[in-house]
Structures are given as C-alpha cells and as structure tokens.
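All remarks here apply to the structure that follows.
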Amino acid sequence: MFATYFLLLSSLGLVITTQAQDCSKPAGGDNMGLKGDDILLQTFPEGKKVTFACNVGYVTAGGSASITCNAGNWTTLKLKCERSNCGSAGEVENGNVDYPEGTEFGDKLVVTCNTGFHMVPNKGQILCGAQGWMDRLPECEVVTCDPPPAVAKGVFSPVKESYDYREVVQYKCQSDYTLNGSSSISCSEHGTFGPAPTCVIVRCEDPNIANGQQVDGSRPPHGYRSTVTYECKSGYVIEGGRTLTCGIDSQWLPGLPTCQRRDCGSAGEVENGNVDYPEGTRFGDKLVVTCNTGFKMVPNKGQIICGAQGWMDRLPTCEVVRCEDPNIANGYQVNGSRPPHGYNSTVTYECISGYVMEGRRTLTCGIDGQWLPGLPTCQRKNCGSAGDVDNGNVDYPEGTRFGDKLVVTCNTGFNMVPNKGQILCGAQGWMDRLPVCEVVTCYPPPEVVNGVFTPVKESYDYREVVQYKCQNDYTLNGSSSISCSENGTFGPAPTCVMVRCEDPNIANGDQVEGSRPPHGYMSTVTYECKSGYVLEGGRTLTCGIDSQWSPGLPTCQRITPPPKPTTTSTTTTTDSRPTTPDNHGDNLAIGLGVTVLVSITVLYLQHY
Ligand SMILES: *[C@@H]1O[C@H](CO)[C@@H](O)[C@H](O)[C@H]1NC(C)=O
Ligand SMILES: *[C@@H]1O[C@H](CO)[C@@H](O)[C@H](O)[C@H]1NC(C)=O
Ligand SMILES: *[C@@H]1O[C@H](CO)[C@@H](O)[C@H](O)[C@H]1NC(C)=O
Ligand SMILES: *[C@@H]1O[C@H](CO)[C@@H](O)[C@H](O)[C@H]1NC(C)=O
Ligand SMILES: *[C@@H]1O[C@H](CO)[C@@H](O)[C@H](O)[C@H]1NC(C)=O
Ligand SMILES: *[C@@H]1O[C@H](CO)[C@@H](O)[C@H](O)[C@H]1NC(C)=O
C-alpha cells in the first residue's frame, strides 16, 4: 500500500520535473519518509535540501539522510533504513521464551510455561516495538491443587491445605477393604487430583464350572487376588484359563473357563467301508462303521465311543466275505460254488441214503461269512412207529431211526407168526411187516381108563380147561381139571383108581365106629383097645387114595409095670428111655410104629 503510494508520487514528480527546473517530490528509499513540513510540498525549488528520516521502527543503517534538488534532479540518497531490533527479552523460570519471527520491530515473542505452571499475568505474547519489547515478561507460577477427596473406609496422606503440581497423596483402606484404583494420585497440571480410588469389599463367588472341579487355590470367601485352579472332568477339555484370579470388581479374571467335551476328531478311514459320525466326534459320541456290500467287519464292532483318551477302540477292518466250505455229516454237495466261497455264492447239498435233510438244501453265503439260512443236517431217516401187535408188544430199544431194530414179543400163550422178532429201519421204512401173535393151541388131553373128560374138542386154546370124571366106584387120583399150557400141552392127566382099604386087624382092639367093608376112599374107622391095653397110634383111620389106612394102624399094648418088658422091640425102646427123657415121646412113637409095622406084616403074610 505504502509502496504503491510512493510509486505513484514518484511518477508524478518525474512528469513535472521534465517540464521545469524544480524538482518534484523526491522518492525516498524503503522505510523512510521526508522529514518535517517538506512532506506537504509537491515541488521543490533548485537547491532545496530535504532530509529523509527512517520510518518508525526503523533505524538508520548509515548513509547521508539529505539530498538536494539540482536542475530538476535530486542528488542520490544514500540513507539506508533497517528495522529496529528488540534483542533478547530475557529468561522465564519454569517457562520458555520463544521468538518465532525474530526480535525485530513488529515481531512477537511467545512465552510458554512448563507443564504444571501457569502464566501470571496470562499474557503470552509481547510485541517488539520501536522502543523495545512493549511489556515485561510474565512469570510461570506452579499450579496448586486443593486437597483430594476423602474416601469412605480409607485415608490418604499427607494431609495439607494445598498441594503443588506433581505432589502425590497415598490412599490406604481399612482392613478387609481393597483399594479400587491407584493407591496414589498426584496434583495434575490442571490443578486437580485425578480420580481418587475407592475402598471396596472384594468377594468373588465360588466359581461354578460345569464338568469341572477345583484342584488348587483358595476356599470361599474369595478375596481380592485369590486364585483358584480348575480342571475338567475326564472327557472334558478346558477352554479358557485354568487359573482364575479374583479381581477388584469381585469378578474372576480372565473369566470363567468352560469344560468342553473332548473332541476325538476323525478316527480315520476304513478301506472298503465307511466311517460315520452321526452325533459328532465329541466325548460320549459314537462313530459308526459300515462295510461295503460283500465285505464284513473284523472284529464285528461297528460302533466306537469317543472316550476321555480318544476313540476307545481301533477301527475295524472290512474284509472280503468268505464262507467256509460246509461240512455236513452224511451229506454231499450236488451243485453250486467251489471254495473259496464268496459273498452270495450258493451250494446245494443232499443226504446219503438212509438220511433225510433237516433244513434247507441250498445255502447262500451271507454277509457275515455264514451260510444262510444255516447249515442243514442229515438225520437218520425216522421210520416212526410200526404199529401195534395184538397179544404182543413192539419195543424200540434203540429208537426208530435208520439202522435201528424194533423187537416184537408175544404175550405168554401166543406164538409169533412168522417167527421174526426183529425188523430193521431201512432207507424206505421198516423193512418187514410186523408179525402177528397167534394163540397157542393144545391137542386133546389123554384118555383115562374108567373115566371121561369134558369138553371134548379137536383143539384147545391156551388156558382152556378140561374136567375129568371117573366112573362109579373109581376115584380120581390127581387134579380133576387140567389146562392147555403156553407150551401147547396139557399137564399130566389124573387117573381113575379103585380104592379098597383092607379091614384093619388090630390085636386086642375093637372097632367102635366107622364104615364096614368094603372100605372105599375116605372111609373112616375108629378103634379102642380091650381092657388092660392102651392104644398106641391114631384111634381113627382114614382110607387113602393108595388104599392104605392113614395114619396107619394103631396097636394095643398091654398095661404092664415098667421093669417087665414084653417084646424085644419094646425092650429096645425102653432101654433108650432113661437116657433121653426129652425124646421120650418120639422114641415111643418110633417104638409103636415098628410094632404096628411088624403086626401089619404078620397080618398080610397070614392073609396070603
Ligand atoms: C536530469 O536527469 C535526467 C535523467 O537522468 C537527465 O536526463 C537530465 O539531463 C538531467 N538534467 C541535468 C540538468 O543534469
Ligand atoms: C472401581 O473403580 C472403577 C473406576 O472408578 C469403577 O468403575 C468401578 O465400579 C469400581 N469397582 C468397584 C467394585 O467398586
Ligand atoms: C445245479 O444248478 C443249476 C443252475 O442253478 C441248475 O440248473 C441245476 O438243475 C442244478 N442241479 C442240481 C442237481 O441241483
Ligand atoms: C445276490 O444274489 C441274488 C440272487 O442271485 C441277486 O439278486 C443279488 O443282486 C445278489 N447280490 C449281490 C450283492 O451280488
Ligand atoms: C413149557 O416148556 C418149558 C421148556 O420146555 C418148561 O420149562 C416149562 O415148565 C413148560 N411149561 C409148562 C406149563 O409145561
Ligand atoms: C396116583 O397118582 C400118582 C401120580 O400120578 C401115582 O404116583 C400113584 O401111584 C397113583 N396111585 C394109585 C393108587 O394109582
């Protein structure tokens, strides 16, 4: 602005001077102006001397300040003006003086206080004027803080009215309380203390970690900085830190871990099969192995559980199916595949003669290497029951199968016809018809002299009875009836005999009762002895079938004194009497018997 103004003036002056000898208004150098009243003139006469002066804020830097108008031209102006310099303004304690533009006229110095100090007066800029720095430097005074806030359940120290910048107070809590926040705060550059800590009761809840258990660390109540260490149950894996620390906010740090079911991951591949994880691969999950068609699992364990240490079994393998060559006793293969028998191959079997198949004759090799529907067996043919035999019995001591024999027996009195008591069970059944049991028959029994039998037939069946009868005067000797035996014979036939017992002749005895001659069968006679005789033997006699009196004839013995014997036989008898008194009766009987025998013999001899 100034420059433009001066330029304009100079140009005008130049125009004027060319027209007159006066000088036009002279142009000064930079930062200078005409001194005094000359500044008001527009033209200057010849010889006029004008003096220049430096503008305010500028000082002469040498050279004459005056010029003279000479023939319309001014002499050369030598004056140089340069800006005045205020120089250093000095130092500010706890602060800094900066001269961003310099220290020359118009420049500003800038005062800043160090952190924690404030300027008094708060005038941070001073201008360099024509007369030097236009103000005194301010001072940097330290910042002060009012006492920090009191805290519940705690104290701080030191306690003062005022605190300088950076002065520190320490907080402490009562026992059981924990400082939340920094234990010390300091007076800030803003004249305030930072936020005071608080005194808090820290109680972390006993951690509840599903499928986990504490293995180390504190017991409740868990105070500040207590630690607990957890582990997971078998089969579970910890996620998160296993050691927890009770934080100031009564929360566990770094947060409760979780126990995740262990992941067994992939169990691998099964050749010719497939591994499936229907539930997943975590602890307790099952994998399922299946084999492709024609392959079977070895071992046959298609499921494996993910356990605490990983999959609890090795994967089975899928092996090509092979059925063993069937071994069927008494059977033979008639058709089908030859070993090795693969899946779906078939074989057909038959049984040897006499054996019948139980089960299916055609087998298919199943997926598990077993023949389906299972091996048949060749059972001996069963001939079953052969039926019943009247009046006999059919027995199967070995059974009714091929090769076994049945045994037929006839009841007593029956004959087997034909006489073949054993029949074999053959491939086509029992190899013979059952025999029959025919009743045993007898020819008529023998005729008897003087007698007859009834009934009279040509033939008699087993057990049939015939009755014998004798003509008058004849007596049956033997059983009156005989029967046809199982041997086909009658027992011995009775005979018809003429029974005649002789009239007894008993010396010194008399018949007192009974029959008179002729004495027939079962006739009886009773005897008594004459006076002076005693009967020895039975007094009553019966006529037997053999025409002899029974029990034999008695004798009549004379009653005599003991020392006087009568016969030699009685003497013999009496001699033995005293020695064996116990046998007295027997000896007497023998004695009597001998006597009777002798007497009868005598009679018999006299008779003939
Ligand atoms: C004045 O100055 C002009 C320009 O320099 C010049 O042409 C002229 O001759 C001078 N006059 C005198 C009298 O020296
Ligand atoms: C601890 O101090 C912080 C900051 O002042 C506050 O947010 C927090 O709630 C305090 N914690 C407790 C447990 O008082
Ligand atoms: C053997 O098998 C073939 C083919 O299945 C069949 O045609 C033939 O009749 C069978 N032979 C016997 C003896 O079963
Ligand atoms: C097994 O054999 C049957 C009958 O011959 C046939 O239908 C089936 O497709 C076969 N299966 C395989 C897997 O070969
Ligand atoms: C039948 O004959 C047997 C042998 O010959 C014989 O032992 C048995 O006593 C006889 N039975 C009869 C009742 O004759
Ligand atoms: C009676 O029969 C039996 C047996 O057959 C025989 O021993 C006996 O002599 C017979 N008696 C008479 C008197 O014929």
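Backbone N, Cα and C define each Cβ position, glycine as well.
According to TrEMBL, the protein carries these features:
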COMPBIAS  566-582  compositional bias 'Low complexity'
DISULFID  Cys54-Cys81  disulfide bond
DISULFID  Cys113-Cys140  disulfide bond
DISULFID  Cys232-Cys259  disulfide bond
DISULFID  Cys291-Cys318  disulfide bond
DISULFID  Cys351-Cys378  disulfide bond
DISULFID  Cys410-Cys437  disulfide bond
DISULFID  Cys529-Cys556  disulfide bond
DOMAIN    21-83  domain 'Sushi'
DOMAIN    84-142  domain 'Sushi'
DOMAIN    143-201  domain 'Sushi'
DOMAIN    202-261  domain 'Sushi'
DOMAIN    262-320  domain 'Sushi'
DOMAIN    321-380  domain 'Sushi'
DOMAIN    381-439  domain 'Sushi'
DOMAIN    440-498  domain 'Sushi'
DOMAIN    499-558  domain 'Sushi'
REGION    557-584  region 'Disordered'
SIGNAL    1-20  signal peptide
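Using Cα positions, the member of the disulfide-bonded residues Cys81, Cys113, Cys259, Cys291, Cys529 nearest to Cys410 (disulfide bond) is identified as Cys529. Sequence-distant contacts of Cys318 (disulfide bond), defined as residues of its own chain at least six apart whose C-beta falls under 8 angstroms from its C-beta, comprise Val270, Glu271, Asn272, Gly273, Val289, Cys291, Asn292, Phe295, Lys296, Met297, Val298. Taking the Cα of Cys140 (disulfide bond) as the reference point, the closest of the disulfide-bonded residues Cys232, Cys351, Cys437 is Cys232. Distance noted between the C-alpha atoms of Cys113 (disulfide bond) and Cys351 (disulfide bond) is 123 Å. Comparing CA positions across the disulfide-bonded residues Cys232, Cys351, Cys437, the one lying closest to Cys81 (disulfide bond) turns out to be Cys232. Among the disulfide-bonded residues Cys54, Cys351, Cys378, Cys529, Cys556, the residue whose Cα lies closest in space to that of Cys259 (disulfide bond) is Cys378. Cα spacing between Cys232 (disulfide bond) and Cys54 (disulfide bond): 94 Å, rounded to the nearest whole number. Cys54 (disulfide bond) counts 23 other C-beta atoms within 10 Å of its own C-beta, drawing on all protein chains shown. Of all the disulfide-bonded residues listed here (Cys113, Cys140), the one with the fewest other CB atoms within 10 A of its own CB is Cys140.
Here the Cβ of Cys556 (disulfide bond) has 22 other Cβ atoms within 10 Å, regardless of which shown protein chain they belong to. The DSSP breakdown of the domain 'Sushi' (262-320) into helical (H, G, I), extended (E, B) and coil residues amounts to 0 helix, 27 strand, 32 coil.
The separation of Cys54 (disulfide bond) from Cys378 (disulfide bond), Cα to Cα, is 148 Å. Comparing CA positions across the disulfide-bonded residues Cys54, Cys351, Cys437, the one lying closest to Cys529 (disulfide bond) turns out to be Cys437.
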